[in-house]
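First comes the structure, then the notes that go with it.
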Amino acid sequence: MGQLIHTFTVEDTEQIIPKVKEDYGDKALIITNKQIRPKTLNRSALYEVMVAIEESDYEEHLKKQGKSLPAKKSSPKPSSTSLAEEKIRSQIPQEDEDVVLDFSNTRLNTNLNTVKNNDLAKKTYQDFPQNKINPHQNKTLGFDDFKEKLSEVSNEISKVTNTPLENYTPNPNYNKKIENFEKQFEKQINKLNDKIDLLADMMWDDKAEARKNLMIPPEFASIYKQAKESGMLENHLEAIMKATIENMPAAMKTNKDAVQRYFHSLLRNILPCRVESDIKKQKIMMLVGPTGVGKTTTLAKLAFRYAYGDKRYKTGIITLDTYRIGAVEQLFQYAKMMKLPIIDSIEPKDLDEAIKSLNNCEVILVDTIGNSQYDQSKLAKTKEFLMHSNAEIDVNLVVSANTKHEDLMEIYKNFSFLNIDTLIITKFDETKVFGNIFSLVYETNIPLSFFSIGQEVPDDLEVANSDFLVHCILEGFNKGKNNE
């Protein structure tokens, strides 16, 4: 009885052992396995496996499965595109073919897994020696011939199998096929995009009446949709789109990317932001606004920014809020943690005294009581504090980004008698639309000073930036992305 050598292919290395056990039994020996086809977008990888088994063991395994030993036949001429694979396949039978090796007079005591690794990194498939295998040799070998041939073949196969990927020389025809496929795929995608654009233009023209006779070219459809979904007022959007269409150079109007850039630029110019400059004389900032917009938390963030930022100004705090015990205690706790002086002023006449006691501070932050924009008595009390002070006080109206436009305008109108200098917008992380903020600034023309973008003290505070706000208006707020 002789020894048989079989080859077969699988698409996954995890299939090798189960297939060997199923087809050849537990006594089969895996000589080697190698990848003969890399994985691509539309095809799985392919691995070739060589196994050896005694003919008697193979017959016994087949009997258990109710099968008989296949007839011996010569292997067909291979059609592999790799020179090394052609030579190996001329010696190694194809899938499900048997080779009988004559060991009748001699014992074989060798390890079929022996691998030599000399010059491993230098070997490619094309380096396989042509004199290693005689494609016309009879498949029945004597022991000496078999030992020599099998040793050489195993060595070369092992070198090919273990060749590093970076040293592998792919078949040029295969690369050309992939390149042609990519070109065809790109053409199909471009055709599909053209069809989508055509359909979008047709739908855009059909809906012209719904835009109140606002003649907007299809190239402006995307930016129009973004702006409309942001929540800005319809009349504001109409005015901006008209300005864009009328003033934009004709050569740019057919380019969607150019339209996007121009529209972004126009919005940035509409949104005034106060430039943060070095403090050369004492700066007093009073924060006013309705209940629940985050004035106290924002003041704590500002205190840390001025006291421990790049410039490190001497900073003090005054609170006029004696109604909300919890808020006052919270502010005192913040001041204690930051080691900043803090004074509470109960009566309007006491404000100037409090400011004088913090005369050594370069920045003084004043917290006020939060109240409804409709509570005229408390609003009048805040106005009284300002009237009794001779100091130059910068009044900052704090409003929340998640407040609808109608309420924002009510808040501004009822606080405007305090002579608002800037707007501070809070709670960026609690809304997805910012067109309401745009419309507020568009109507009031009050500059923006700071954005509170989250609840973390002191980190979630940004100096107002029109580019940042425009990005939020058109694309939404993403804390990890917008403030990079």
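Quick reminder: no glycine exception, Cβ is built from N, Cα and C everywhere.
Here the structure is a predicted model, which means the values were calculated and not measured.
For 64-91, the entry in Swiss-Prot reads region 'Disordered'. Taken from Swiss-Prot, the feature compositional bias 'Low complexity' applies to 67-83. The GTP binding site annotation in Swiss-Prot covers 289-296, 367-371, 426-429.
Shown here: features listed in Swiss-Prot, placed on the structure.
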residue	record	DSSP class
Gly289	GTP binding site	coil
Lys295	GTP binding site	helix
Thr368	GTP binding site	coil
Phe428	GTP binding site	helix
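The sparsest Cβ neighbourhood within 10 Å, among the listed binding-site residues (Thr368, Asn371), is found at Asn371. Neighbour density for Gly292 (GTP binding site): within 10 A of its CB lie 12 other CB atoms from the protein chains shown.
Of all the Cβ atoms in the protein chains shown, 24 others lie within 10 Å of the Cβ of Phe428 (GTP binding site). The Cβ neighbour count for Lys295 (GTP binding site), using a 10 Å radius and every protein chain shown, is 26. Listed in sequence order, Lys295, Gly370, Leu397, Val398, Val399, Ile411, Phe415, Ile424 are the same-chain residues six or more apart from Gly289 (GTP binding site) with CB atoms under 8 A from its CB.
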